[in-house]
């Protein structure tokens with residue numbers, strides 16, 4: 001009678017173990033593939049551009065050219081662009097040839113609504129709960145507890161570049177609460 005002996009040629013994994021391993025690998029791969037966009041959603045956009053800043057984007061996601069931006073705008077105009085961390089940011093027109101050296105984050109410090117610029121009253125007015133900010137974004141009427149955040153605006157290769165504001169807030173004389 002012939003006896004079977006274990007040899008190196010005989011695999012030690014049975015059919016059931018192989019199918020379990022194959023199923024586990026497939027399910028794990030699909031789960032990781034499905035989780036990737038979910039995890040990516042919670043990671044803020046990387047900053048790039050000149051000096052660690054973010055190039056301002058228009059409503060279509062294109063880089064904002066300073067010359068085109070200033071073509072149809074007057075001194076004192078405030079126009080929204082996509083700024084640091086993807087937040088809506090107002091670029092302030094200084095003259096027909098230049099923009100101010102700061103941008104104003106349009107997110108209300110009360111509950112996070114986007115605050116529109118009211119040209120008739122020369123101030124920002126939050127539509128959600130009535131907070132009001134002056135032309136520089138300083139809070140003048142609550143319930144918002146703080147002024148709107150600032151960002152530096154620079155021009156590099158005809159593009160508007162926003163960088164974080166870390167110096168003293170010129171409106172209040174205090175350290176910036178947002179940095």
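Using the three backbone atoms N, Cα and C, a Cβ is placed for every residue, glycine included.
According to Swiss-Prot, the features are:
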type: BINDING; residues: 108, 110, 126, 129; note: [2Fe-2S] cluster binding site
type: DISULFID; residues: 113-128; note: disulfide bond
type: DOMAIN; residues: 61-162; note: domain 'Rieske'
type: TRANSMEM; residues: 21-43; note: transmembrane segment
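Long-range contacts of the transmembrane segment (21-43) within the same chain, counting only residues at least 6 positions beyond its ends with a Cβ under 8 Å from a Cβ of the stretch, are 13. Counting only the Cα atoms, the space from residue 126 ([2Fe-2S] cluster binding site) to residue 113 (disulfide bond) is about 7 angstrom. Within 8 Å of the Cβ centroid of the [2Fe-2S] cluster site, not counting the listed residues 108, 110, 126, 129, the chain contributes 109, 111, 113, 115, 128, 130, 131, 143, 144.
Cβ environment of residue 108 ([2Fe-2S] cluster binding site): 114, 115, 126, 128, 129, 131, 144, 148 lie under 8 Å away, each six or more residues apart in the same chain. Remark: secondary structure over the domain 'Rieske' (61-162) totals 9 helix, 46 strand, 47 coil, with classes taken from DSSP. For residue 113 (disulfide bond), other Cβ atoms within 10 Å of its Cβ number 15. Neighbour counts of Cβ atoms within 10 Å were compared across the recorded positions 126, 128; the minimum falls on 128. Sequence-distant neighbours of residue 110 ([2Fe-2S] cluster binding site) (same chain, six or more apart, CB under 8 Å from its CB) are 126, 128, 129, 131, 142, 143, 144, 145, listed in sequence order.
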